[in-house]
Amino acid sequence: MDAAEPGLPPGPEGRKRYSDIFRSLDNLEISLGNVTLEMLAGDPLLSEDPEPDKTPTATVTNEASCWSGPSPEGPVPLTGEELDLRLIRTKGGVDAALEYAKTWSRYAKELLAWTEKRASYELEFAKSTMKIAEAGKVSIQQQSHMPLQYIYTLFLEHDLSLGTLAMETVAQQKRDYYQPLAAKRTEIEKWRKEFKEQWMKEQKRMNEAVQALRRAQLQYVQRSEDLRARSQGSPEDSAPQASPGPSKQQERRRRSREEAQAKAQEAEALYQACVREANARQQDLEIAKQRIVSHVRKLVFQGDEVLRRVTLSLFGLRGAQAERGPRAFAALAECCAPFEPGQRYQEFVRALRPEAPPPPPPAFSFQEFLPSLNSSPLDIRKKLSGPLPPRLDENSAEPGPWEDPGTGWRWQGTPGPTPGSDVDSVGGGSESRSLDSPTSSPGAGTRQLVKASSTGTESSDDFEERDPDLGDGLENGLGSPFGKWTLSSAAQTHQLRRLRGPAKCRECEAFMVSGTECEECFLTCHKRCLETLLILCGHRRLPARTPLFGVDFLQLPRDFPEEVPFVVTKCTAEIEHRALDVQGIYRVSGSRVRVERLCQAFENGRALVELSGNSPHDVSSVLKRFLQELTEPVIPFHLYDAFISLAKTLHADPGDDPGTPSPSPEVIRSLKTLLVQLPDSNYNTLRHLVAHLFRVAARFMENKMSANNLGIVFGPTLLRPPDGPRAASAIPVTCLLDSGHQAQLVEFLIVHYEQIFGMDELPQATEPPPQDSSPAPGPLTTSSQPPPPHLDPDSQPPVLASDPGPDPQHHSTLEQHPTATPTEIPTPQSDQREDVAEDTKDGGGEVSSQGPEDSLLGTQSRGHFSRQPVKYPRGGVRPVTHQLSSLALVASKLCEETPITSVPRGSLRGRGPSPAAASPEGSPLRRTPLPKHFEITQETARLLSKLDSEAVPRATCCPDVQPEEAEDHL
């Protein structure tokens, strides 16, 4: 566009005018109000604008003159019609106007977001300031005769008033600034979208009309050319024909010309219609352009007007809020200037009432030691270890009386704390409270403050460390200092005192500031949680919480690697103690809340959890949940296929039918071979669980839980398919069939427990085996029972509450033989050893290969039952355990037998399946406590056979050789 365009003056003056118009238009776009030229020229608020001039050719002088209003040399601002005309004549002017409206809307949105966020921060700051001002005002007013107290009270009141003013300003700003500007922005955005849609529709119609016009013009030209070509004809056609009548060819040409002429006329009419349509669309587009540009200009001016109005309102509100601060601080400074240091302290001293000076404290004197004739050294030490005299109180008018009648210092105290005591106000330690301030201890009457050590019933700390709301331990009938609270059986085992610092409750896992803790195990607990506490006192520091559920089986805490997890032993012992006759045990689920509480107690207290007060179904649910949430089951994943393959070979074997034939030795041998491959802890745990389920199934008539039912419950728990891609791609029918095989395998383990694992963990027999009145000890014993426990009293394991008592016949035998040695007392084990020894003698020194119950290792009697963690050796042949009375004879006989492969005593399982371990005649894979015995290997037997010939009669004639003599002999 040049200066010769219509509507602009020609020549250099026109070009200068054109530049001035552009500069004025840019100035108008960034202005803040829609006012007349006079208001824009005389408004002092808009005299300067921080935005620079956008004209690249403008100088610094021109930029300064642009924002100072119109000047005689500067450009004249354009009117609204001139702005619209300028945009209409500019290419893309409508799109530019709509884009400016969009930018204005985005700009207003950013302003609204900034002001809203700033207002929220100011509101939060005002609330926090008012909160701390209220608290500080209350604290300051509680003191008396403090310097500048009135000034700081006014300061805090000023903060409160400023906070209130800030909240009012934020509310007023939302009404006067945010809401009008947001409403105008929404209106502008709505109309902008509407105008943009109209403009796009008009442009689309115009484009369609232009395209139709071009197609009609092309068609008109083509048909006109066709008509012209057909109308001209050839020279032969113009010559007269010889024949008088028209020919057929001439007739066809005539019809073709007429048809071409008709098409040309039709194309001409269509072309003229398209021209008229295009002209109409062009006029509509111009009208729409003028209308849209005009409306956009009005919307922008209205938005600027609203923005200007709300901005002035915002500045007014902020100015009014900011003016109160300097004036108030200036007034506070004027009030603080005349203050003199020490003025309030003088008023405080004058307010005190002088009193008579207190009497001087009594002087201490040396008391010579005078021993008594009837007193023992222990009494003298007790006298010398008496408590120190109480500290004198500065506020008391007379000191507390004390005397020394010869038994140590004594004092008479008064109940309740002394008013104004420094110990009570400052909160001294337990040592100073117990020794220096006798009046701070609860209770009444005379009391000796003796610092005694902890004895399990009273704390070694001061009485004030106890909670005063819980009463005195001496006044409680139960002997507990918590008579006011209901304590569980587990809570009664703790020595509780007041909590000294913030900690976490071991019962509810909640953070607490005030509560109780145990003096011995340092267990922390809420007072309200003492009623439901399940963790017993272990008389040593309680370990940190350990996750037990959902972890790897080998990562569980144990005393030694082969130990059965304490969760399993604890739950099974409790169920066997009082729940073997409960109907539906392991089938009926417990309460979810109580089960969660028990699981949490196990993780917090480990084996110190008290289960006697819980429902048997809750305990069984905890055991099932523990086994189900293991990352790898008791039977590892890599042995799953082998066990399932073995289970598929088993036939349905109803365990309740007494006439059911025993399984084939091959099945037992294969199962033992698989069990040998289990890790030590897994094997012990599986054996313990199967033994427990055997006892549960034995009470089928009472609890209605047969071996089949228990197999259904524990099959998918003990034997789970492996996780991973293989499990994801498994066929559902196969998984369903495997569940049946899992239950069948567990049922088979329960029914045939005696043949698979042995008799070590079976319950006591109802009728003990008969005993002979005077049995004679045989020369050789194959029992793996340990020696009598009285030989080493320190090695006896503690007897659990759920363990069965000793054999009554055994006690009667002990009474009948009060002077007999342990080897002479007839017991069921000695009878069994006699039978095995006789069989050995009859066989010429060869051990008979019979069933598992008659093998060389033998089996435990039904009277033997123990839940102590033991090591069960597997695989190989054990060393022969013999009597001391026939040591030489056994050695001479063993020299003639086949070599015996010895297994180390510390080995829990063989390195691989051996023939002796795989055969049913070999070891039954029992894991029993190893007794103190002598191991006869091939080399030892060879050496013993070379002893002097006199050693054989001496060993034969002396069946009652003591163990010490035998050891010396060896």
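Cβ atoms are placed via backbone N, Cα and C, with glycine included.
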(request) Name the residue among Ser376, Ser914 that Swiss-Prot annotates as phosphoserine. (result) Ser914
(request) Quickly, which of Ser441, Ser615, Ser774 does Swiss-Prot have down as phosphoserine? Just give the residue. (result) Ser441
(message) According to Swiss-Prot, one residue among Ser231, Ser434, Ser784, Ser830 carries the annotation phosphoserine; which one is it?
(response) Ser231
(request) Report which of Ser234, Ser664 appears in Swiss-Prot with the annotation phosphoserine. (result) Ser234
(request) Consult Swiss-Prot and report the residue, out of Ser19, Ser454, Ser620, annotated as phosphoserine. (result) Ser19
(request) Please list residues from the chain of Arg587 (site 'Arginine finger') whose Cβ is under 8 angstroms from its Cβ, counting only those at least six apart in sequence. (result) Met705, Asn709, Val713
